[in-house]
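I have placed the structure first, in the form of structure tokens, so that the comments after it can refer back to it.
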There are 2 protein chains.
Amino acid sequence: MARNASLSGFPEWLPEERLVEAHVLDTLRRTFELHGFSSIETRAVETVGHLLRKGEIDKEVYGLSRLQDDDGNTAVASKDDPNALALHFDLTVPFARYVVENAGYLSFPFRRYQIQKVWRGERPQEGRAREFTQADIDVVADGVLPFRYDVELALVIAEALSALPIPAFKLRINNRKLAEGFYRGIGLTDTAGVLRSIDKLEKIGADAVATLLKNELGATDEQAAKALALASIRTEDTSFVAAVRALGVTDELMEEGLDELEQVIAAAIKSAPGSVVADLSIARGLDYYTGTVYETVLVGHEQLGSICSGGRYDALASKGNRKFPGVGLSIGVTRLVARILSQEFAKASRSVPTAVLVTLSDEDSWGEAQDVAAALRARGISTEVAAKADKFGKQIKYADKRGIPYVWFTDESGEHQVKDIRSGEQVVADPAVWMPPVEDLTPQIIKA
Amino acid sequence: MARNASLSGFPEWLPEERLVEAHVLDTLRRTFELHGFSSIETRAVETVGHLLRKGEIDKEVYGLSRLQDDDGNTAVASKDDPNALALHFDLTVPFARYVVENAGYLSFPFRRYQIQKVWRGERPQEGRAREFTQADIDVVADGVLPFRYDVELALVIAEALSALPIPAFKLRINNRKLAEGFYRGIGLTDTAGVLRSIDKLEKIGADAVATLLKNELGATDEQAAKALALASIRTEDTSFVAAVRALGVTDELMEEGLDELEQVIAAAIKSAPGSVVADLSIARGLDYYTGTVYETVLVGHEQLGSICSGGRYDALASKGNRKFPGVGLSIGVTRLVARILSQEFAKASRSVPTAVLVTLSDEDSWGEAQDVAAALRARGISTEVAAKADKFGKQIKYADKRGIPYVWFTDESGEHQVKDIRSGEQVVADPAVWMPPVEDLTPQIIKA
């Protein structure tokens, strides 16, 4: 690994690296399906009008245009044309459209996972790509979505991340109702503005955030200090409730948020002890979140940024008077896999699926070798047949170079034999019966 | 199904349809891996210069441009700028680049499969989409690729297609050396021009092709008749060899092609009897093919066009003096899945992965229900927990609506029970032991 992408921001993996990525994707898929999430995919393309309806991310979107349209002119995608096409930049916005369009065909609450590439036209930097894979889970209701799903999704995602070959992680959870109610309670009414300022805490520090709050939102010294005091609360248990109360603010919405966050943290601690923290500084940039918000960092790799984020959104999708509230999380698969590879958290035991190479004793034996291979494949053993009757040593060398552990051959007496080319051990074998040890059957992903 | 895509040419599947697609993809993946093909993915984006180097397909390419570049201006992708970015329209051209760029990290012959979406900006029509999934296998060598791989790939693809829930198929195979040598042998030197005309045979008929050959390529009546006679040969065995010889043409390249095609057909007939035909009308539009060419139709659905095509290409990828000849085939997954769904060749036994819904006797039992669910999931049983302690009947109705076959509950005496809501049968059960029948464990894809 550590080759540079030939196009900056568009990583591509070698076969042995792709095996690690496939393992991550298979593990996520399996976990999500065990929890009853259905797979869907949405088209890569949305209309500009749909993508930009939140109006804040147009710098990052790749527009599409046919290089030559039917009249021979170059057509141009423009942000001023709502019907122009563009690549999706996440999976939540397309999912909201899918739910609204297919509401009559889905049964609610609709639980889905979605693993696809997304594109952002931003300048690439460490940990950020222009094309990357996300793995999302969401639950969406028609009408009212019980709060319990906010708890459940934290448990599912903690289980999914725990199954991956990555270091310990911290799932940081907050609640917008708690924060917004608190800000309101201390007299700061532009709660979205306060959230945006608090979101910059990690980047610019407490003093600069205090200045922002005072200069841009008209906060007093005391209000700024209280808002920062709230954001400084981090507990690995439910003691954050007492810590918030100690700040002496009363607000109904805040109480609702406190109660919700307490439920999420209590259940998540039980299910994933040591991996969950109530972190009252978490704001999440996107403004469609309305309750629980989640972020996740790898312990010791905090500078990588969040590898899994999401939250509750009560108003992202609607159809007339019908509302489809949801809660979901998105795992940054490419970011995770790039880190697994660069830090060698895990690697594949070999780069090819092939367990056995059936060698040729002479050119006429190719058909017979195909029969041996078919017998092995019928029992799930990945098998290749040599393309030429080279000298036996050369055929073994080919297997060795490709990392194939076993070669199959027929000895002078016509007896089938199989040789482990690592140990040199060889045994008489029947193509209808012989099995390699399970660790040789398929490439294994080995944690460092 | 049969909903219209909300954006013409960009199909999206409902969850139960996606299960059919996932089954097709899983089956292909498994078959390819059993034959020793490694998975890779390439970025969705190539430079215009790389995509258009064959110069004939610029109408179909989607260019990319950032909707707003850093200076606030709209940047435009242009076919005149070789560094502009565009979406790939197939997986062969990106694969050729990948091989050249990573030659130092791959071991040859390199066998890979690649399952990804591709995009073409053409007008959508029956069976054609603007975004669709292809599943490709290729073998590429560094230097010389033994002809035997042309035979092997036909066998692999026949095995892969046979494993899918589709009607009988015909793999039509031809060889460009045979055709080009024959044309040369009858005095038609613009062999690429003849191939292009013959490629139109199915669309415009023999008379129109004869006119083309005479008017555009200066063929005599006799030459046109001979070229058409060659293209009329279709045999399900190797008798095409005698049929070609009976046309009385001699040419060295033709003989090489005859010999190659005979080998492919002989082996493929043995492995997939009834599914293979030597069809000397097959030309394939793209001009990078240099030997064997393949097309595949579904019997009774010929108007759908080819569902799997490919061929040998000796000069697609090179690096200085180094050549990387290859042979490969591409399955049109979206076209196949759309047909499977519209003709109901197969469908999913249920739309959700979930086998069991653990119900709640009261709100406080949610944590306990999570423990039951965890015990079931640990043994591979997909399980959901009810979000609310609704009346038991309502919880059963929820399971029924979603197609979940079993509900789990605790009776008055605190004993665990599981109920098959289709039959009404219920039994005392232990979460650590109980298993549903294998056909209920996961959604099954049932062939019609």
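Placement of Cβ uses the backbone N, Cα and C atoms for every residue, glycine included.
Site annotation (TrEMBL, ligand L-histidine) includes A:D90, A:L91, A:T92, A:Q134, A:D138, A:R284, A:Y288, A:Y289; from A:R66, A:R120, A:R245, A:R322, the additional listed residue is A:R120. This prediction places the mean pLDDT of the domain 'Aminoacyl-transfer RNA synthetases class-II family profile' (A:109-353) at 94.
When Cβ neighbours within 10 Å are tallied across all protein chains shown, the highest count among the binding-site residues A:T92, A:Q134 belongs to A:T92.
Among the listed binding-site residues, namely A:D90, A:R284, A:Y289, the Cβ with the most fellow Cβ atoms inside 10 Å is that of A:Y289. Among the residues A:D90, A:L91, A:T92, A:R120, A:Q134, A:D138, A:R284, A:Y288, A:Y289 said to bind L-histidine, no two Cα atoms are farther apart than 22 Å.
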